[in-house]
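The following features are taken from TrEMBL:
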ACT_SITE  117  active site, pros-phosphohistidine intermediate
BINDING   11, 59, 87, 93, 104, 114  ATP binding site
DOMAIN    3-137  domain 'Nucleoside diphosphate kinase-like'
Ligand code: RTP
Ligand code: MG
């Protein structure tokens with residue numbers, strides 16, 4: 001399996017609850033290497049742009065409001081099979097359906113406030129990583 005990259009955000013609910021450290025520990029223990037990382041806050045405009053693919057979905061307004069409601073941690077992660085393995089580590093979008101031991105099962109509050117983001121393809125991982133990080137911010 002080729003080594004590749006995914007992109008994640010620790011979302012405002014998990015940051016507000018003091019779960020940055022616990023979530024980063026799970027990510028590192030699962031074998032992901034941190035290539036870039038930033039503690040930042042999205043404006044509503046930036047959150048709208050990041051989630052533009054969802055703009056026709058009924059939850060888009062709520063999602064933009066939530067993702068700009070407080071600081072987040074954004075990171076690029078590297079591992080063999082990174083995108084799929086990270087989706088497995090975070091669990092289903094809805095924490096009620098997430099497998100035991102997954103980040104969302106442990107830390108998400110609801111289908112909307114679900115603790116973490118994980119890219120859904122190699123292509124989107126590259127686009128999302130570039131949304132936050134320049135080449136000189138990746139190590
Ligand atoms: P993400 O992109 O954040 O990793 O989440 P995902 O792939 O598991 O889910 P996706 O379908 O891409 O949805 C993006 C985010 O929108 C919020 N959402 N709310 N209220 C709802 O029914 C609903 N559905 C989705 C969640 O924050 C979800 O992670
Ligand atoms: Mg998604």
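Glycine residues also receive a Cβ, built from the backbone N, Cα and C atoms like all the rest.
Sequence features, as recorded in TrEMBL, placed on the structure.
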{"residue": "11", "record": "ATP binding site", "DSSP (3 states)": "coil"}
{"residue": "59", "record": "ATP binding site", "DSSP (3 states)": "coil"}
{"residue": "87", "record": "ATP binding site", "DSSP (3 states)": "helix"}
{"residue": "93", "record": "ATP binding site", "DSSP (3 states)": "coil"}
{"residue": "104", "record": "ATP binding site", "DSSP (3 states)": "helix"}
{"residue": "114", "record": "ATP binding site", "DSSP (3 states)": "coil"}
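Close to ligand 1, meaning a Cβ under 6 Å from one of its atoms, are these of the recorded positions 59, 87, 104, 117: 59, 117. Taking Cβ-Cβ distances under 8 Å and a sequence gap of 6 or more within the same chain, the neighbours of the residue listed as 'active site, pros-phosphohistidine intermediate' are 7, 8, 9, 11. Around the Cβ of residue 11 (ATP binding site), a 10 Å sphere holds 26 further Cβ atoms from the protein chains shown. Across the annotated binding residues for ATP (11, 59, 87, 93, 104, 114), the two most widely spaced Cα atoms sit 21 Å apart. The Cβ of 93 has fewer other Cβ atoms within 10 Å than any other of the binding-site residues 93, 114. In this view, residue 104 (ATP binding site) is surrounded by 24 other Cβ atoms within 10 Å of its Cβ, with every protein chain counted. Long-range Cβ proximity for residue 87 (ATP binding site), meaning a same-chain Cβ under 8 A and a gap of 6 or more residues, is found for 118, 120.
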